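S.K.: Below is a structure I'd like to ask you about.
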Amino acid sequence: MKVNHAEIVISAVSKKQYPEDQLPEIALAGRSNVGKSSFINRLINRKNLARTSSKPGKTQTLNFYRINESFYFVDVPGYGYAKVSKKEREKWGRMMEEYFQTRDTLRAVVLVTDLRHDPTQDDIQMYDFIKYFDLPVIIIGTKLDKITKNKRQKHINRAKQVLEMDETDLFIPFSAEIGEGKDEAWSALSRYIKR
């Protein structure tokens, strides 16, 4: 997909702040600092629409990015960052649950994981959380370029096994650095962003 227009519209903390234009939405979930912002930036060929951070736990809101006036990427708070207080984690949990449960324009969730390592307990919990709400999920295994070619399939198989992925869910190996997996990601997303 060629992206001609991309902008951050709002950083929301509750549903009364969500955009009201009824465009389809794709949520992006993943551990803090796993590469969600880099994933967005690579897909849309922009260096810094989604701000990348060296500080984990920086995204504390639902960030709505309108793409081509036709759909939204919604970056949800990263999880698994130990220095965030329990109270703060609970607040994020409620915010995400409200979004996943009540948002009828939410079409699918992209779960971003680090392909170099086994999915964490938090990744498994998030995958199960998404499935609980009966939402389509696409797993993006980032940092593909950091794994030697002869070990990639082993890492992919292991990630699928640890997550106990449904066969109907897609797993796409991806590199924000070199763009590998970008076409496959757009192809997977395109079925959910048509109105």
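Each residue, glycine too, has its Cβ placed from N, Cα and C.
For 30-37, 57-61, 75-78, 142-145, 174-176, the entry in Swiss-Prot reads GTP binding site, with the evidence type sequence analysis. Sequence annotations record features per position, and here Swiss-Prot assigns Mg(2+) binding site to Ser37, Thr59. Positions annotated as domain 'EngB-type G' by Swiss-Prot: 22-195.
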S.K.: Rounded to an integer, what is the Cα-Cα distance in Å between Phe174 (GTP binding site) and Ser37 (Mg(2+) binding site)?
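M.R.: Approximately 13 Å lies between the Cα of Phe174 (GTP binding site) and that of Ser37 (Mg(2+) binding site).
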S.K.: Here the binding-site residues are Gly30, Thr61, Lys143, Phe174; which one has the lowest number of other Cβ atoms no more than 10 Å from its Cβ?
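M.R.: Taking Gly30, Thr61, Lys143, Phe174 as the binding-site residues, the minimal 10 Å Cβ count falls on Thr61.
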S.K.: Would you mind ranking the binding-site residues Asn33, Ser37 by how many other Cβ atoms sit within 10 Å of each Cβ and giving me the lowest?
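M.R.: With the binding-site residues Asn33, Ser37, fewest surrounding Cβ atoms within 10 Å: Asn33.
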S.K.: So which one is it: of the binding-site residues Lys36, Pro77, which has the fewest other Cβ atoms within 10 Å?
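M.R.: Per-residue Cβ counts within 10 Å for the binding-site residues Lys36, Pro77 bottom out at Pro77.
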S.K.: Three states by DSSP: which one describes Gly30 (GTP binding site)?
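M.R.: Where Gly30 (GTP binding site) sits, the three-state DSSP reduction gives strand.
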S.K.: Any idea what the Cα distance is from Gly30 (GTP binding site) over to Ser37 (Mg(2+) binding site), rounded to a whole Å?
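M.R.: That comes out at 10 Å between the alpha carbons.
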S.K.: Whole-number Å only: compute the distance from the Cα of Pro77 (GTP binding site) to the Cα of Ser37 (Mg(2+) binding site).
M.R.: 11
S.K.: Measure from the CA atom of Ser37 (Mg(2+) binding site) to the CA atom of Thr61 (GTP binding site) and give the result in Å, rounded to a whole number.
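M.R.: Taking the Cα atoms only, Thr61 (GTP binding site) lies 14 Å from Ser37 (Mg(2+) binding site).
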